[in-house]
Amino acid sequence: MSHSGLRSTSTSYRRTLGSSPVPSSYSSSSRLSTSRHFGSPSPGPSSRSSSSAFRVRSSTPVRVSLDRVDFSVAEAVNQEFLTTRSNEKAELQELNDRFASFIEKVRYLEQQNAVLVTEINQARSKEPTRASDLCQQELRELRKQLELLGKDRDHIQVERDNFAEDLAFLKQRLDEEVHKREDAENNLVLFRKDVDDATLSRLELERKIESLMDEIEFLKKLHEEELNDVQVSVQAQPVHMEIEAAKQPDLTSALRDIRSQYETIAAKNVQESEDWYKSKFADLSDAANRNSEALRQAKQDMNESRRQIQSLTCEVDGLKGTNEALLRQMKNMEEQFGMEAANYQDTIGGLEQEVQHMKEEMSRHLREYQDLLNVKMALDIEIATYRKLLEGEESRIAVPIHSLTSLSIKSPAAPEIDPSTETHTRKTVAIKTIETRDGEQVVTESRKEQSSEGEK
């Protein structure tokens, strides 16, 4: 192979890797001048069409006379060839360094990938951590406490409802007792009115009795005066009285009878009045005693009801305070449980994000590993191509360049240049593709044959 073919291949390799081409002073004009004067070999496999055209041009014999041999041009060509050779060696050394760095990076990424795969397998295979068990146990205990508090709350609500029913019943009894008390007070007012009426009647009867007694006294006095007058008149006229007594009925007996009748009537009236008054007073006293006893019992019941109402009110207030405290405690516990659950959810979310991040990192490492494998295979292909090119170049450079000048000096005319021998090299390249599907690695392998052409 010619050095121009090697130069075109190295340039294409530098374009593949993104490096800047190395400037060379070996221009096309110098190659043309060299081929025109010395009949240099045709270019390599960089372009088959150009090489064939170059063969056609170089197939015509070029005769160079001894007089026109330009040693300065040969020396310039040798110097340019040495410069190109040194540049190619530097480029090859740089490519080798880059390839070594790529190899190191690929090994490092393979190690990281193996570590990540091991960690993922361990994370998948191992049981849930102790922290999750502790969290679940704590949540179960908190749920049990919440259920107990709910049961206590229901029990307290039932007791509160029972106390409310008892309070309503006691209020109803209180209302009934109040109505009874009002009825008793109304009856007492009526009885007092009856007592007042009876008192007035008694006073009126007493006045009547007094008036009757006064009348009886007056009648007694009148009767005594009449008796005295009669006695005086009788003593003054005894004979006449005796005569009149014989003629008229006995006045004394008549007065005695009248007096006895009046006394009987008065005593009867007094006795009847006293009996009526006593019976009425006894009835009123019994009614007053009954009413006072009922009133006293009503007052006692009312006081007892008041005491029960006060005790029940205090108990209800205490239960209300306890209920409010339990409600506040339950609310605080619910808020605390909500905050803890939110913290657990945040922790779970953070762990899931971390796992997702690790999966993304692993996928990225796998993609980088795949890209590096592709670059490695491309580098292997280009290194093989370089190796073939270098082998052909070294075999071609084995003949010293100064033989060209001696050959030109000895022969009057340059011989025809035979067409270069084309070599075909086939190489089987194994392409291994590693993909990640649903967290699992899928490895696919394909083989591809590549052919490379060269000239010797």
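Glycine is treated like the rest: Cβ placed from N, Cα and C.
Features as listed in Swiss-Prot:
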type: REGION; residues: 1-55; note: region 'Disordered'
type: REGION; residues: 1-90; note: region 'Head'
type: COMPBIAS; residues: 1-14; note: compositional bias 'Polar residues'
type: COMPBIAS; residues: 16-55; note: compositional bias 'Low complexity'
type: DOMAIN; residues: 88-397; note: domain 'IF rod'
type: REGION; residues: 91-123; note: region 'Coil 1A'
type: REGION; residues: 124-134; note: region 'Linker 1'
type: REGION; residues: 135-230; note: region 'Coil 1B'
type: REGION; residues: 231-252; note: region 'Linker 2'
type: REGION; residues: 253-395; note: region 'Coil 2'
type: REGION; residues: 396-456; note: region 'Tail'
type: REGION; residues: 411-456; note: region 'Disordered'
How does the model score the region 'Coil 1B' (135-230) in terms of mean pLDDT?
83
By DSSP, what is the split of the region 'Coil 1A' (91-123) into helix, strand and coil residues?
33 helix, 0 strand, 0 coil
Counting by DSSP, what is the helix, strand and coil composition of the region 'Coil 1B' (135-230)?
96 helix, 0 strand, 0 coil
